[in-house]
Each structure stands twice: as C-alpha cells, then as structure tokens.
Amino acid sequence: MKLDEVTISRAIVSEQSRIMLDYYDLDCAIVGAGPSGLTCAALLGEEGLKVGVIEKKLSVGGGMWGGGMMFPRIVVQEEARRLLDHFDIKYKEYESGYFVSSSVEAVAKITSAACDAGAEFFNLTYVEDVVIKGDNRVSGLVINQTPIQMTGLHIDPLTLATKVTIDATGHDSVVAHLVRDKGGSVDIKGEGFMWADRAESNILSHTKEIFPGLIVTGMAANAVGGERRMGPVFGGMLLSGEKAAKLAKAMLKK
Ligand code: 48F
C-alpha cells in the first residue's frame, strides 16, 4: 500500500471533528480520568449513555498509574474485588481481604472497558468554567486545550453541553471550586490527614450531587466532604465511581 501524508492528516482531522461535533452534547461529562472517573465512564457507557471524559493531561489514569511511591502496585480491599473481576484485572491476595494488582494493568483495563462501552476521551483538554443559566444547574462545561493554558496564550475556550457533570478531578475538586468561586452554593470542607480506613469507609456517603447537575466522585468527593485521604488503596475510588454512575443514571431518568 502506498501511503499519502495528507490523507493521513485528513483522516485524523475529519474523524476527530466528527466525534467532537457529536460529543459536544453529552448525557454525562466526566472531568478527570483517574480511577473514579474511568470507572464511572465505563459503567455509564455500558448503560448505553453518551459519555465524554475530559482529561487535562496527555495520559489517562490520574494517580493510579504510579501505585504507591512509584511502586506500580495498588491495593484493593474485599468490598471492591467484584469491580476488579468486572474489569478482568488480575490480583493476588496479600493478606485476608487485601488484594494487590498492577496499577498499569488496572488503568489499561478500565480505560479499555470505557472505550469498548463507547465513552470518548478528550485528553489534553481542561475544564476552566461551567455553564449555569437561569435554572441554576450545571448544564455545560467551558473547555480549552492544556498547551494553551501552559503557554498562557490568550485564546478563548469552547463550550459543550451536558445533562450531568461528574467532578472526578481528585484532590483539587476543580469543578466544585469553579462553581463555588463564582457564587454557587457549594460547601467545600477540604481534605483531612491520612486515615485510610475512615476515608475508605466514608467515601460513598460523600459521593453525591452537590449542586444541581453536578456529582462529585473519588478523592474530589472526600475533599469536598471534609473527609480524610487514603493513599494507595483504590477500592473506594472504584466504588465511588460506580456510585456516581448510578446517581447519574438516576438523574438522567428523571
Ligand atoms: O487524582 P485522580 O487519580 O482522581 P481520583 O479518581 O483518584 C485519586 C487517586 O488517584 C489517589 C488517591 C486514592 O487512592 O488518593 O490520589 O479521585 O485523577 C484526577 C484527574 O483529573 C484530572 C487530572 O489530570 C487527573 O488525571 N484533572 C484535574 N483537573 C482537571 C482535570 C481539569 N480542570 N480538567 C480536566 N481534567
């Protein structure tokens, strides 16, 4: 086969433009492709919903790639083992109820499940603002490209519409802050010291709709709820992503 450079370029621009035009009107926008956002994307996609994942970095995976202190292993506790099974992630039992997996395999397999389920990924794209109109509900996201942010170029963003937004931005809880900082009534209590058992036990109660149209999941949920951090145990992240998906599905049914 004889290759033509311009055809390669046209194929990329044409296909990505088609996807962007389609996905600028979403059932659910997930901001952040860490473990909670990826889990949520895969499970919502499996429900046949139109899901877009917006990730400011080049790679997906958030804080899961690195495992603990660059040892690429994660621990998942008994309560979330069924999600390892769901995504076909291998694990070994270290001690009763402590399962150890490869962080790289975990990110790859949940991402793969999300892609298979039809979720689209917009990487190198960051959320810089939200759309809130007269109905006082998050109904869109204002996005721009990360290299524009990094270089400080003065280039206006674009906007997408979404019925439900999930803040899966981790410790920074970026979307919650964007809403709060412009006067939306969101109470952000801030993250506490490390206490793995408490942080993991309470994360599901913090995973909720905190403003009309906006759900927090993962470490963002704990940061907003004033909860502790947990370090490299990831069961809570997977379970929180699952709960966020269930909440989003219920909101979309209304
Ligand atoms: O931090 P992150 O992995 O979030 P998570 O799903 O998981 C937390 C754990 O990794 C770990 C932990 C528990 O074990 O404490 O830290 O709650 O992933 C968050 C993702 O959001 C992206 C960021 O690059 C990362 O990949 N992100 C942050 N701000 C923005 C964003 C933004 N404004 N727009 C788009 N993506």
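Yeah, the Cβs are placed from backbone N, Cα and C, and that goes for glycine too.
Note that TrEMBL annotation is computational and uncurated.
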Of Met1, Met194, Met219, which does TrEMBL put in the NAD(+) site with Ser36, Glu55, Lys56, Gly63, Val127, His154, Ile155, Asp156? Met219
Consider the binding-site residues Asp156, His171, Arg229 and say which one has the Cα lying nearest the Cα of Ser36 (NAD(+) binding site). His171
Going by Cα-Cα distance, pick out whichever of the binding-site residues Asp156, His171, Arg229 is nearest to Met219 (NAD(+) binding site). His171
Using a 6 Å cut-off on Cβ distance, which of the binding-site residues Lys56, Val127, Ile155, Asp156 come close to any atom of ligand 1? Lys56, Val127
Counting only residues 6+ apart in the same chain, whose Cβ is under 8 Å from the Cβ of His171 (Fe cation binding site)? Glu191, Met219, Ala220, Ala223, Arg229
At a 10 A cut-off on CB-CB distances, which of the binding-site residues Lys56, Arg229 has the highest count? Lys56
Which of Val127, Ile155, Met219 (the binding-site residues) has the most other Cβ atoms within 10 Å? Met219
